[in-house]
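Input: a single structure, listed below in structure tokens.
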Amino acid sequence: MNFLLSWVHWSLALLLYLHHAKWSQAAPMAEGEHKTHEVVKFMDVYQRSYCRPIETLVDIFQEYPDEIEYIFKPSCVPLMRCGGCCNDEGLECVPTAEFNITMQIMRIKPHQSQHIGEMSFLQHSKCECRPKKDKARQENPCGPCSERRKHLFVQDPQTCKCSCKNTDSRCKARQLELNERTCRCDKPRR
């Protein structure tokens, strides 16, 4: 289904591009030269915005948050990272191949020292549009406490352990006793 949808998108993009190219009378321009009213062609926009590795300036502190005693020069580095659009809100642009790159960075310890050292950073070499991970499933990996009467239970998100909202003392105050299996206050057994 996704392949068919992508194929339709590309076919439509190609038709629009060819139709526009047929009627445009654009003169060739030198590299770096821009027309005042230049219009970027649809296919160029589409290809440049689709999910792919793209050079991104990344703050070194984002990659090394524990190295707060240093000032880095430069403070950010150019890295290839996945970015772009996937043409479907259910998909996200994610890396499928990565590698490390080592760069020389000046590390400055204020009022003490400075030196050029090597630091390793992660780069993305391949990207794909893949289904977004279900955030609700990631946030709560625990199964439900009970299929019925869920409102009677409370669940510890760390251990997934279920316990009763009712307490034994609350049940006893009503001359009842807590049934720990159902989490209800029942009449005492005789």
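Cβ atoms are placed via backbone N, Cα and C, with glycine included.
Record features (Swiss-Prot):
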DISULFID  Cys51-Cys93  disulfide bond
DISULFID  Cys82-Cys127  disulfide bond
DISULFID  Cys86-Cys129  disulfide bond
CARBOHYD  Asn100  N-linked glycosylation site
SIGNAL    1-26  signal peptide
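The Cα of Cys129 (disulfide bond) lies closest to that of Cys93, out of the recorded positions Cys51, Cys82, Cys93, Asn100. Separating the Cα atoms of Cys82 (disulfide bond) and Asn100 (N-linked glycosylation site) is a whole-number distance of 15 Å. The C-beta environment of Cys93 (disulfide bond), restricted to residues of the same chain at least 6 apart in sequence and closer than 8 Å, consists of Cys51, Arg52, Cys82, Gly83, Gly84, Cys85, Cys86, Cys127, Glu128, Cys129. A 10 Å cutoff on Cβ-Cβ distances gives Asn100 (N-linked glycosylation site) a total of 8 other Cβ atoms nearby, all chains included. Around Cys129 (disulfide bond), a 10 Å sphere centred on its CB holds 20 further CB atoms from the protein chains shown.
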